[in-house]
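Features reported for this protein in TrEMBL:
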type	residues	note
TRANSMEM	56-76	transmembrane segment
TRANSMEM	88-108	transmembrane segment
TRANSMEM	147-165	transmembrane segment
TRANSMEM	171-189	transmembrane segment
TRANSMEM	209-233	transmembrane segment
TRANSMEM	239-258	transmembrane segment
Amino acid sequence: MDAAAVAASLMPSWSAVLVLFSYLGYLAGAGAVLPGKLVPGAVLPDSSRLHYRCNGLLSLLLLLVLSTLGVYMGWMSPTVIADRGIELLSATFIFSVIVTFLLYYSGLRSHHKSSSLKPHVSGNFIQDWWLGVQLNPHFMGVDLKFFFVRAGMMAWLFINLSLFAKSYLAGSANLSVILYQFFCAWYIVDYFVHEEFMTSTWDIIAERLGFMLVFGDLVFIPFTFTIQGWWLLRNKVELSLLAAVVNCFIFVIGYLVFRGANKQKHVFKKNPKALIWGKPPKLVGGKLLVSGYWGIARHCNYLGDILLALSFSLPCGTSSVIPYFYPTYLFILLIWRERRDEARCSEKYKEIWVEYCKLVPWRIFPYVY
């Protein structure tokens, strides 16, 4: 594709806008009417707590059924997303910018005193626009932060499925493509199976909703985490049996560590007396968990996440660094986040944190870092 064609595609077409708003409209409607477990969120500083309807898996399955029906009936092409990738990226980016300006100005005018809607204004426009003004803004009853995370994760899967359809129709869906698609699909579907775990993450509990999160959820996750799929669409990679086995091993280990650590953290927050690996949990200062994965490294879930990201890129081979953008970015992000988390925890828990660090000396990588 030449520069002129790229420049032209950066201008979103009406069809791309229609796809985007149809998708977001479906998610809003499905999230409101489909049944799902009502999960209480973390207790906020004013002692209030939000409740989240975790029906993401049902919303995903229904959308898959509707999309399959649409393809079967000839109402839509299975490659509609892959064919309009840059247009959809542009439309979603513009939408994210507009939404964050609306969030900023509506937050400034808010007179709410609750922790969820109370405005936090530093006076620095860039900082407030980037980080957000309100913790949990709503629109027509929809919790926007939870909604955008769901939209980004689900879009990741549907972009991949459209890319797979394009590969299949071109006759290039080989082992590399199948492994990449399977690993990502497993990870995303598993996310929705355990969607309630998201309610106890730092992003939901403490981060305000600004450009950083909106762009990250709606643009960065679906359009950069699929770089490997775009790469495999244009580059044929033949994996050896040994390489495929090693790739599967890394994925399984990463998944077990990532899911296991996050599940232990979530269960502990809900029930501090729940058994971990068949034993009562061991605590430092009655607050910090040092059992299970959390006794191996202070951020063991980050290790699992990095291994998973690596497994998504390994099917692309080693001929280019481009498919390794995701694990590289994630590694840098998690090291930065780990440093930020450590500083906050040190300030919050003081001597308890010092004792905890002595018992669990490794930050992310046991015996390495």
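Just so it is clear, glycine is given a Cβ too, placed from its N, Cα and C backbone atoms.
As a quick check, the transmembrane segment (88-108) and the transmembrane segment (209-233) clear the bar of 3 or more Cβ pairs under 8 A, pairs 6 or more apart, so the two touch. Between the transmembrane segment (56-76) and the stretches 147-165, 209-233, 239-258, Cβ pairs under 8 Å are most numerous for 147-165. For the transmembrane segment (171-189), same-chain residues at least 6 beyond its ends with a Cβ under 8 Å from one of its own Cβ atoms are 57, 60, 153-154, 156-157, 160-161, 164, 225, 228-229, 232-233, 236-239, 244, 247-248, 251, 255, 308, 311-312, 315-317. With pairs at least 6 apart in sequence, the transmembrane segment (239-258) and the transmembrane segment (209-233) have fewer than 3 Cβ pairs within the 8 Å limit; the two do not touch.
Counting residues 6+ beyond its ends, the transmembrane segment (239-258) has Cβ neighbours under 8 Å at 175-176, 179, 183, 186-187, 190, 293, 300-301, 303-311, 314-315, 317 in the same chain.
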